[in-house]
Amino acid sequence: MPTSSSSSSSDSGGDQSPDELRSPLLSNANKAVRETESEKLCIDDMLQKYCGEFGPYQMKHFVLTSLAWALEAFHTMVMIFADREPAWRCLDGAAGSGCDARAKTVCGLKLGSWEWIGGLGSSTVAEWGLVCEEKYKVGLAQALFFGGCMIGAGVFGHLSDSFLGRKGSLTVVCILNTIFGCLTALSPNYWTYVLFRLLTGFSTGGVGLCAFVLATEPVGPTKRGAAGMSTFYFFSTGIAILSCVAYIFPQWRELYIASSIPSLLFLLVVLPFVSESPRWYLVRGRILEAMKLMRMIAKSNKNHLPEGVVLTLDEEVSNDTSTTNEDDQTYKELLESKEAISGSLIDVLKSPVTRIRLFLAVAINFLCSVVYYGLSLNVVNLETNLYINVLLNAVAEMPAFTITAILLDKYGRKPLAIGTLWFSGVFCFVGSLVGNVGMWKVVRMVCGILGIFGMAGTYNLLFIYTMELFPTVVRNAALGCATQAAQMGAILAPFVVVLGGGLPFSVFAVCGVVGGMFAFYLPETLNKPLYDTMAGMEDKEGACISV
């Protein structure tokens with residue numbers, strides 16, 4: 001009978017446990033899930049295996065972040081136009097006053113017998129009379145700007161490695177650049193102008209540093225070199241744009257405001273669409289936020305990051321990178337926030353692996369900067385259109401960036417660094433041998449162009465090379481230290497140029513050759529992982545050395 005059968009089945013079912021009522025297939029599936037292995041990977045491995053090394057996410061992030069390099073170019077190179085010595089002419093009614101239109105300078109000419117073309121507001125030199133015995137003040141203002149850059153690079157290098165982060169530091173420097181840049185335009189006298197240029201240098205010193213690290217850290221190891229070297233296109237493009245802006249705004253006060261507004265636009269329009277670095281999240285112990293960002297990268301690149309994959313520091317990745325996930329709580333524990341790991345230059349100096357790297361990176365950056373900025377100053381000595389000269393100088397650097405980017409992953413960082421340094425050194429040496437008369441002027445000019453061509457390639461390479469030499473916890477601090485050394489070279493460069501004749505080229509040649517010799521002692525970093533901690537680097541690098 002149907003009723004009896006149903007009742008029998010019901011009684012039989014009542015004796016079964018809830019687990020026995022489940023489908024055998026479902027039960028087996030749940031068992032498989034519980035036994036799923038959670039894979040522990042460092043960021044580089046996760047990018048290569050699951051997220052993608054340079055997909056749509058990294059492309060958007062890289063371009064938006066690297067726009068900050070154009071801002072650094074604005075605030076740095078604006079001095080070329082604002083502090084220039086404008087052309088002058090004798091007044092029509094000053095006949096017989098001793099004004100000689102054929103004179104090369106206004107020194108010795110009677111006041112009131114001549115005037116600046118463009119008026120007193122055309123430059124700081126014209127407004128405050130920074131000529132003749134006061135000419136040193138132009139160099140002083142420029143030197144103090146680079147001094148501010150040197151201090152700012154160290155300060156923001158540390159802050160971006162610690163609590164402020166890469167994006168937070170970039171936000172702060174953009175705010176400061178906007179404020180100090182606009183205040184510079186309101187300077188009532190020379191010393192106030194110098195003060196605001198010093199403060200602008202302080203904030204500008206952190207722009208390129210923070211932007212470079214933030215732009216390249218989410219990029220996979222095999223794509224990082226080319227991406228890192230592409231950042232300097234934005235700097236050169238910024239210089240080229242600035243020459244056009246300076247042509248439109250010939251008055252120095254207007255120019256400072258026009259070159260400062262883009263920092264505000266970047267802060268309001270671009271930065272909201274830029275994410276913090278997952279590496280910074282990881283070393284600060286914010287694992288959940290780092291994993292959330294890695295899933296966003298994978299999704300944007302149309303890849304899938306499995307649930308069982310967990311981010312970990314490289315020092316925690318052992319030969320057996322998997323652990324059995326017996327229950328949900330175990331997996332949650334892997335994602336719990338850990339204690340933040342931090343480091344400083346003291347840690348870099350304590351480690352035998354990173355100590356020699358820091359000394360070499362500092363020396364090479366210093367020597368490279370002396371040559372690069374020293375050769376760049378020769379542009380203003382060419383008696384042609386200043387705006388066109390600056391534009392051509394910016395464009396001339398771009399082929400160097402392209403060539404080094406192409407060769408970077410083929411020949412490696414170390415051979416390319418040595419080659420570009422020596423290339424520049426050789427042509428600077430040739431330039432020191434030729435005279436500055438007749439056709440030899442052209443030869444010396446070509447030597448200068450080739451010298452800066454080689455050094456532009458070195459400058460481009462040094463950022464990515466220096467970044468790869470140090471782990472995440474001290475990367476910005478070490479890069480900031482190297483940047484400080486470069487700023488010291490920038491401060492020294494004008495004094496080398498003052499030597500005149502062939503001596504500057506001789507100094508530049510020595511700097512290039514010696515820098516190449518120092519590069520011999522640096523390790524190759526091509527296709528090497530970006531280490532997260534000092535311990536992780538020492539374990540891997542120490543093992544390689546012992547082998």
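Glycine too: its Cβ is placed from the backbone N, Cα and C atoms.
In TrEMBL, annotation is done automatically, which means it is predicted and not curated.
Per TrEMBL, the features are:
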COMPBIAS  1-16  compositional bias 'Low complexity'
DOMAIN    61-527  domain 'Major facilitator superfamily (MFS) profile'
REGION    1-24  region 'Disordered'
TRANSMEM  138-157  transmembrane segment
TRANSMEM  169-188  transmembrane segment
TRANSMEM  194-215  transmembrane segment
TRANSMEM  227-249  transmembrane segment
TRANSMEM  255-274  transmembrane segment
TRANSMEM  358-375  transmembrane segment
TRANSMEM  387-408  transmembrane segment
TRANSMEM  415-436  transmembrane segment
TRANSMEM  442-465  transmembrane segment
TRANSMEM  503-522  transmembrane segment
Averaged pLDDT score, the domain 'Major facilitator superfamily (MFS) profile' (61-527): 83
Stretch contact, the transmembrane segment (255-274) with the transmembrane segment (503-522), Cβ-Cβ under 8 Å, 3+ pairs: no
Stretch contact, the transmembrane segment (387-408) with the transmembrane segment (194-215), Cβ-Cβ under 8 Å, 3+ pairs: no
Of 138-157, 169-188, 415-436, 442-465, whichever stretch has the most CB pairs under 8 A to the transmembrane segment (227-249): 442-465
Contact set, same chain, for the transmembrane segment (442-465): CB under 8 Å, 6 or more residues outside the stretch: 212, 216, 224-225, 228-229, 231-232, 361, 364-365, 368-369, 371-372, 375-376, 378, 382, 393, 396-397, 399-401, 403-405, 408, 413, 416-417, 420-421, 423-425, 427-428, 430-431, 434-436, 479, 482, 505, 508, 512, 515, 522, 525
Positions whose Cβ lies under 8 angstroms from the transmembrane segment (415-436), at least six residues beyond its ends: 364, 367-368, 371, 375, 400, 404, 407-408, 443-444, 447-448, 450-455, 457-458, 461-462, 465, 501-503, 505-506, 508-513, 515-516, 519-520, 522
